[in-house]
Amino acid sequence: MLWTGGSKSSLFCNLKCSLFLNFFVLCHGMLQLAQLLVSGYLKSSISTIERRYGFSSQKSGILASFNEVGNTVLIVFVSFFGSRVHRPRFIGGGALVASLAALMMALPHFISGPYEYTVHISRKSHTQICTQQESHAQQGVFPLLLLGQLLLGIGGVPIQPFGISYIDDYASKRNSPFYLGILLAVTSIGPAFGFMMGSFMLNFYVDIDKMSKDEIGLERGDPRWVGAWWLGFVVAASFLFLTSLPYLFFPQQMPKEEAAGNAKEPRAEEEKKPLPDPVQELTLKQFLKSFPRIALRTLQNPIYLLVVLAQVHLAAMIAGLATFMAKFIERQFTQTASFSNMMIGGVNIPLAVLGIVLGGALMRRLKISTRGSALMCTSAILMCILTALPLLLLGCSTQRVTGNRSLECSSGCSCPIEAFNPVCGSDGVEFRSPCHAGCLTKVLDDNTSKILKYTDCGCIGVSGSYGYALPGTCGSDCKHLLLPFMVLSALTCFIASFSQTPSYMMILRTVRPEDKSFAVGVQYMLFRVLAFLPAPVLYGTAIDTTCIIWGKKCGRNTSCHYYNMDLFRQRFLGLQAFFVTGAFVCFLLSLLVLRHRAGKQGKQAGQGYTMIDRELSPDKNTASKELQNMAA
């Protein structure tokens, strides 16, 4: 606070600081929302990008996790630079890089030709498409998307850490939790907006900018439908650009905000001025030398290690489900991508956010201790297991479908293996195209020229005569199971999220005060290395192993057309059950360790775990000297 000697001047200065800080919080909330909008939107459109460019689920998993590569490499240095740099300008620069990355994600649409799908069967036309697709889209799209994701991760590095530290440095002790709570709420709900935007954008046809509405020959429920996946990236890039501009004008430092009615004399303020952060007293060389030792010392804390491992299990589960849950709903319950994203963004994520808020409120209301936090986490995850396991039973087997091999009844049609225009035979068997069903004629609507059905189908026999086929997939018989599945899935998210706040409090209460920033940094690094990076790839690989009919283009496999839905459900949701069980084991072990410590020190103190916390609380001067010695 800058003092002028008069109470009115002091009050005016404090009001000005508060308004300035409130504006910064508003800007940062909008920026975090824009950043997470891109992340959520990519996951909402991942199955559409698969279909458009013929990616396998493993490739999609690599794409979804690739933004963590740049983020993981650079996040370590955030703890070091801290207030040494102009944090607002670094945040603005990172946001501009993220905006450029979002535009780069949309670029493949503009450099690729129009979306091609099977309508008429012709060997010659497919050969021409093969050459063009191989030389342009297939070769360049995936590396371009990876580069966009890499830049998105790099641009996002300074946004949250620098923003939170900037607010915490200049906000009053009374207002700081309120400001940070706003940012946490935005962080939690941001991906939901991404999924909801995906639900809206995927209702538009992918080439809406290249053809008129009358020229679009597909309906949204058609398996060949590809939505305007690129449009959301353009919107998000514009949002990121606009929210980055104010940061270029914020100062490097500002006067400290004071709570209303809490003004102090300058001398008293100086006496209570907080000691400098030990990390900021180190050189870069000292920081890099001391970081591995402090990280190792932190990981030797059994409570910290067990809680972080539990959180890693839950983070891996969330990363995989967020990437492929919409695809699972599409395939298992025969729903559109738009509807699937609406279920995730409008139901699952909001309930997870509600669980986080209620978990924090419950801890505050009951004043739960460290051991109570461990009990709360263990109980929540146990209940989560009980609601997650029944999901394995909610599903149906794959509809009857012909394979890749040519049938004798259609061998004379010379159907290309690339053809994919599903039809449902009158006998309940699904074929890859009317050609593969041996159909000779089609019946059109007189008014709209829309195909009503295919007739004289040699591969469809009904009562000894040729049958007919209807356009589109036969679908599954599981639509009636969608409601109970969504109820149990949302309940699982809600219960699991109760563990987030108490698990974070366990970490903060059981590490040395001077190691908290390091502990949180190591925690997020482990999240990225052990969860956010490998989990989507693991889920995608597991999904690919259940494919029974792959798409073909230029003699190579593209995206999967048909899955063994029983295996898909068992492996996809089985991974969820595995990660939840792993989190339960880690939380249970942390509870047992805390009880053992409490019993061991019960004779010396009424609550042994509070004694543990006190023993790990040397002052910051001691911490600074220790860091200097370790770095020497």
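The backbone N, Cα and C atoms fix where each Cβ goes, glycine too.
Computed from a predicted structure; not experimentally measured.
Confidence annotation: the domain 'Major facilitator superfamily (MFS) profile' (15-600) carries a mean pLDDT of 81 in the model. The domain 'Major facilitator superfamily (MFS) profile' feature in TrEMBL is assigned to 15-600.
Residues of the same chain lying 6 or more positions beyond the ends of the transmembrane segment (20-42) and with a Cβ under 8 Å from any Cβ of it are 63-64, 67, 88, 91, 95, 98, 101-102, 105, 149, 152, 156, 159-160, 163, 166-167, 170-171, 175, 179, 182-183, 186-187, 190-195, 197-198, 201, 232-233, 236-237, 239-240, 243-244, 246-247, 250, 254, 257, 322, 345. The annotation transmembrane segment is assigned in TrEMBL to 20-42 (among others).
Residues or ranges marked as transmembrane segment by TrEMBL: 62-83 (among others).
If you look at the transmembrane segment (90-111), the same-chain residues 6 or more away from its ends with a CB under 8 A from one of its CBs are 28, 31, 34-35, 38, 42, 53, 136-137, 140-141, 144-145, 147-152, 154-159, 162-163, 206, 229-231, 233-234, 236-238, 240-241, 243-248. Annotated transmembrane segment per TrEMBL: 90-111 (among others), in sequence order.
Sequence annotations record features per position, and here TrEMBL assigns transmembrane segment to 144-167 (among others).
Sequence-remote contacts of a segment are chain residues at least 6 beyond its ends whose Cβ falls under 8 Å from one of its Cβ atoms, and for the transmembrane segment (179-206) they are 21, 25, 28-29, 32-33, 35-45, 48, 52, 109, 115, 160, 163-164, 167-168, 171, 216, 218, 220, 225-232, 235-236, 322, 326, 336-339, 341-342, 344-346, 349-350, 352-353, 356-357. Annotated transmembrane segment per TrEMBL: 179-206 (among others), in sequence order.
Annotated transmembrane segment per TrEMBL: 226-250 (among others), in sequence order.
Residues or ranges marked as transmembrane segment in TrEMBL: 303-322 (among others).
When Cβ-Cβ distances below 8 Å are used as the criterion, the transmembrane segment (342-362) is approached by residues 40, 44, 185, 188-189, 191-196, 198-199, 322, 325-326, 329, 368, 376, 380, 486, 489-491, 493-502 of the same chain, each at least six residues removed from its ends. Residues or ranges marked as transmembrane segment in TrEMBL: 342-362 (among others).
According to TrEMBL, the transmembrane segment annotation covers 374-395 (among others).
What TrEMBL lists as domain 'Kazal-like' is 403-458. Secondary structure of the domain 'Kazal-like' (403-458) per DSSP, as helix, strand and coil residue counts: 6 helix, 17 strand, 33 coil.
The feature transmembrane segment is assigned by TrEMBL to 481-498 (among others). Residues 314, 325, 329, 333, 335, 343, 347-349, 351-356, 358-359, 362, 376, 380-381, 383-384, 387-388, 390-391, 394-396, 580 of the same chain lie 6+ residues outside the transmembrane segment (481-498) yet bring a C-beta within less than 8 angstroms of a C-beta in it.
According to TrEMBL, the transmembrane segment annotation covers 518-539 (among others).
Annotation comment: TrEMBL describes 572-594 (among others) as transmembrane segment.
Touching of the transmembrane segment (303-322) and the transmembrane segment (518-539) is concluded from the presence of at least three CB pairs under 8 A, sequence neighbours closer than 6 excluded. Residues 302-303, 306-307, 309-311, 313-314, 316-317, 320-321, 324, 328, 370-371, 374-375, 377-378, 381-382, 384-385, 388-389, 391-392, 496, 499, 503, 506, 538-539, 542-543, 609 of the same chain lie 6+ residues outside the transmembrane segment (572-594) yet bring a C-beta within less than 8 angstroms of a C-beta in it.
Remote same-chain residues near the transmembrane segment (374-395) are listed as 307, 310, 314, 332, 359, 362-363, 368, 478, 481, 484-485, 488-489, 491-492, 495-496, 498-499, 502-503, 506, 565-566, 569-570, 573-574, 576-577, 580-581, 583-584, 587-588, 590-591, 594 (criterion: CB distance under 8 Å, separation of at least six residues from the stretch ends).
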